[in-house]
Amino acid sequence: MAGIVVVGSQWGDEGKGKIVDLLCQTADVVVRYQGGDNAGHTVYHQNEKFELSSLPVAIINPNHLAVIGNGEVVNPKALLLEMKMLKERGLDISGLRISDRAHVIMPYHIALDALCEQASGGRIGTTKKGIGPTYADKINRRGIRMVDLVDPKSFAEVLKEFLPEKNNEITKLYGGQAFDFQTIYDEYVEYGRQLEKYVTDTTVLLDKLSQEGKRIIFEGAQGIMLDIDHGTYPYVTSSNPVGGGAAVGSGTGPNKINQVVGVVKAYTSRVGEGPFPTELKNEIGDKIRETGHEYGVITKRPRRIGWLDAVALRHSVLVAGITQLSINSLDVLSGFKEIKIATAYKVDGRTLDHFPANLRILENAVPVYETIPGWSEDISEVQRRQDLPVNAQNYLNRIEDLLKTPILAFAVGPHAEQTHLLKDPWSEDKEVLHTI
C-alpha cells in the first residue's frame, strides 16, 4: 500500500480539495480523518462546481471509495442533505463508507456552540456547527457515535443518559431552551436508518485495502495553523489537521503513510480572529481578496489576506512532516510589481525565525520581509514550471529554499486542469528542488 496525506499548511482555505481531486486520478481510496461540516471544499468535476463540507472529495468520482474516518465528527442531517444534492446532480455515492467509531454532532452541540460563542462575544469566531462541543464530549467520554446512531436501542440509552446533562448546561448556564428527548430520538433514529448501510468498521476496511496494495489518500480539513495543539491556540479548530492526525483519525498505522503533501496558497488568508503577522489591511490585501475570490465556502465571510509567511510555513513543515508542497493561487499574484515573503519576525528588538506559542509575542510580531520582483503576465494557461515567467519561477524557487521542501504541484487557477503535477506523486524520490 501507498498512502499520501494532504494537509493545509496555513489557516485553511488553501485549496486542498483541488489537489486531492487531482491525486484521486491515480488513487483508489480517499479518507477524511478530522473536522466536520465546518470545513468547505470546492472542487470542479466535468466543468461543474461542487461545494462539499461533510463528504470526502473522492465522492464525486464513482471509481473511488470515499471514507469518513473515526476522527471526523458527523452531522447526519447535513451529511444526508449533501448526499441528496449529489444524487440529484446525477452522481453515484455508493462508494461512501462511514466509520462506526465517528462521533455524531447532536442538536444540543450546535446550540451550545452558538450560546458559548455569544457569551464570549464571538472571540473565537466558530462556524457554530457544533464541532467544538462534539469533540469536547468525545474527550469527556460523553459522546454518541455512529455505532450508537444506527442501533435504536443503543441510541435511546446513550441519549437518555446524556441529554439531561446537556439540557442542564443549556438552560442553567446559558439561559437557552431545553431539548425534548422524543423529538431528537425520532429524528435521529431516522437518520441512522438512512445511513446504516454506509456505516462499517473502516479500520478493518482500510487494513484490507492496504493488504491489497490500494493507494490511499488521507484528506485533512482546515489547516495546520488551526491545529488544536500546534496552531494559534485558542484561535484554532478542535482537532488535529497535522499529518500525524491522519493515522489517529483513520485507524491506520503511521507506517502506511509514505508522503505528506502540504498545500500552500501563494499568499496567506485567514477567517476569524487570531494572530496574523503578515496581514495586509490595505488596497493590496483588498486586491488579492477580490482577485482570489477570498470568501469562505461555508461562512461566506471575507477572508483576511496577507503576504506569504515562511515562518509559519516552516512550523507547518516541521510539525506535520511535510515532504512535498503544492502551491495554489499563483495566478492571483500576477500584476504585482513586487511580492513579499516574511522570513522572520521582529519582537521587542529580537529576531525570531521560528513560530512562537506565546500569543502576545505573535500579536506584536513585525514581519521581516524579503521582496521579490513580481510579474505582469497572465499565467492562467501555463502548464509547465519552466514556462512560467522567470520571476514566477524565482518565487517558487525561493519558497522551496526557505522551506527546504520540494514542490510537487502548482496551480494557476481554480479548475482541476489548471493544477499541474511536476512528478509522480507516489514516487519515493523527493529530490526535485529547482530541477523542473
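Each Cβ is built from the backbone N, Cα and C atoms, and glycine gets one as well.
Taken from Swiss-Prot, the feature GTP binding site covers 12-18, 40-42, Arg303, 329-331, 411-413, and the record attributes it to sequence analysis. DSSP assigns His41 (active site, proton donor) to a strand in the three-state reduction.
Swiss-Prot lists Asp13, Gly40 with the feature Mg(2+) binding site. Summarising the environment of Asp13 (Mg(2+) binding site), the number of other Cβ atoms within 10 Å of its Cβ, over all protein chains shown, is 27.
Taken from Swiss-Prot, the feature IMP binding site applies to Asp13, Glu14, Gly15, Lys16, Asn38, Ala39, Gly40, His41, Thr127, Arg141, Gln222, Thr237, Arg301, supported by sequence analysis.
Following the DSSP three-state reduction, the secondary structure of Asp13 (Mg(2+) binding site) is coil. Feature annotation from Swiss-Prot assigns active site, proton acceptor to Asp13; the stated evidence is sequence analysis.
The annotation active site, proton donor is assigned in Swiss-Prot to His41 on the grounds of sequence analysis. Note on His41 (active site, proton donor): other Cβ atoms within 10 Å of its Cβ, all shown chains, come to 24.
Counting only same-chain residues six or more apart in sequence, none has a Cβ lying under 8 angstroms from the Cβ of Lys300 (substrate binding site). Look at Lys300 (substrate binding site): DSSP puts it in coil. What Swiss-Prot records for Val297, Ile298, Thr299, Lys300, Arg301, Pro302, Arg303 is substrate binding site.
Using a 10 Å Cβ-Cβ cutoff, Thr127 (IMP binding site) registers 22 neighbours. All protein chains shown were included, and the count of other CB atoms within 10 Å of the CB of Gly15 (GTP binding site) stands at 21. Here the binding-site residues are Asn38, Thr42, Gln222, and the one whose Cβ sees the fewest other Cβ atoms within 10 Å is Thr42. Rounded to a whole number, the C-alpha distance linking Thr127 (IMP binding site) with His41 (active site, proton donor) is 15 angstrom.
For the recorded site, Leu330 (GTP binding site), the DSSP three-state label reads helix. Put simply, the two farthest-apart Cα atoms among Asp13, Glu14, Gly15, Lys16, Asn38, Ala39, Gly40, His41, Thr127, Arg141, Gln222, Thr237, Arg301, the recorded binders of IMP, are 34 Å from each other. When the binding-site residues Gly12, Pro302 are scored by other C-beta atoms within 10 Å, Gly12 scores highest.
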